[in-house]
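Asker: This is the structure I want to talk about, given as structure tokens.
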Amino acid sequence: METERRFFLGGLAFGVGAVASGRALGADGDGRAAGKEASSSASFVRTIPRKTGAAQAFTGHLDGGAIKATSGGWARDLTARQLPIATGIAGAHLFLNPGGVREMHWHSSAEWAYVIAGQCQVTIVDPDGGLEVVNFGPGDTWSFPAGHAHAIQTLGEAPCHAILAFDDGLYGDHGTFGLSDWLSRLDPTTLQAAFNIPDAVSRNLPEGEVYIAQGPVIPLDGAVARDERRVNAAASHRYALAQAQPVIACAAGTLRVAPAQAFPMSTTMTGFSETLLPGAVHAPHWHPGANEWHFLLEGRTRVTVFEPEKRLATAELMPGDCAYFPKAAAHMIENIGTEPCAFVGVHDSPAHQECSLSQWLALAPRQVIAANLGLREDELAGLPKEAIAFARSA
């Protein structure tokens, strides 16, 4: 297996050099094969010079970002303003105190989340007037399409916190609308006419955005917690990702995904959770139709990306960090710690698609690969015979 691991770690180098290393054909000819005139004495280079300069930053420390806190909890986010490469997806960390409630609000973008600790009850009203009230616990995910209003309330004596993602790298700039912020801007006459709110009551409304309010602690076994208004699975905003059957389960780790096929409400994003054991690697791969954003929950990883501008970048992640891989950009993830690592994230597509470099090398005719790399076919005997997503050293 050690040999396989060396292949996977070196595989990205194959991908990087594939364009650059092929021998120029017809260098001694007249150049007509290229479709244009060329002098027979034209000078051909063996490889294309690599671009100079640093690659774009593709990782950030979400848990070190600016905090937005009110009486009932706090949130941090990381958008394209802090991480310019992340144009397609923004991330956030939401923390609710016991009794805390994230007020009713909605976005112009879709929201996905993974509950990492605690319990909460979520109330959703969709644009058609449908209501869902449903409880969440660790390992559950939610998905709110754009315009689906929602509120999140902690259940029980423990705080609740979740990792969020939005399918817009600048979601906060493009539209997040809260109940208190809006009502506080309306005059008493409008409130009376539109909502039958008396003047005496309107004077007691908040004077601005409450954001996360502190309310009474809601017992886990109380009437409120039991008062769920569930809908059928096809219409639900909740999906138990931690209980889903893994799409990969092997000695190197596990991968669970929640595409729209399994989670119909998640129409623009596919959530995932992944674990890698010490010494394991998610081998070089790319997602042809989606960007990837993920957040490291535990462990230490090394992430490498071959960026669209043809620069290679590597970074090490600790818990609280996140990484962003642009659409079709080849990348790999290694567990470099002594404990298992775990991370959660999304692809901004309703379907999960992964192209493996090992699959390409396994399926393509050996003579094609040999010609690409300027090698003999017998020198490629050690290449894989099938696609392998995860590998682990002995």
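Here the Cβ of each residue, glycine as well, is placed from N, Cα and C on the backbone.
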Asker: For the Mn(2+) 2 site that TrEMBL assigns to His285, His287, Glu292, which of the candidates His237, His331 is also assigned?
Answerer: His331
Asker: Need one residue: from His61, His150, the one TrEMBL lists with His105, His107, Glu111 for Mn(2+) 1.
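Answerer: Record check against TrEMBL: Mn(2+) 1 site with His105, His107, Glu111, extra candidate from His61, His150 is His150.
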Asker: Relative to the Cβ position of His150 (Mn(2+) 1 binding site), how many further Cβ atoms are located within 10 Å?
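Answerer: His150 (Mn(2+) 1 binding site) is surrounded by 20 other Cβ atoms within 10 Å.
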Asker: Return only the integer: C-alpha distance in Å from Glu292 (Mn(2+) 2 binding site) to Glu111 (Mn(2+) 1 binding site).
Answerer: 15
Asker: Say you check the Cα of His150 (Mn(2+) 1 binding site) against those of the binding-site residues His285, His287, His331; which is nearest?
Answerer: His287
Asker: Under 8 Å between C-beta atoms and at least six apart in sequence, can you list the same-chain neighbours of His285 (Mn(2+) 2 binding site), or say none if there are none?
Answerer: Ala330, His331, Met332, Glu354, Cys355, Ser356, Leu357, Ala389
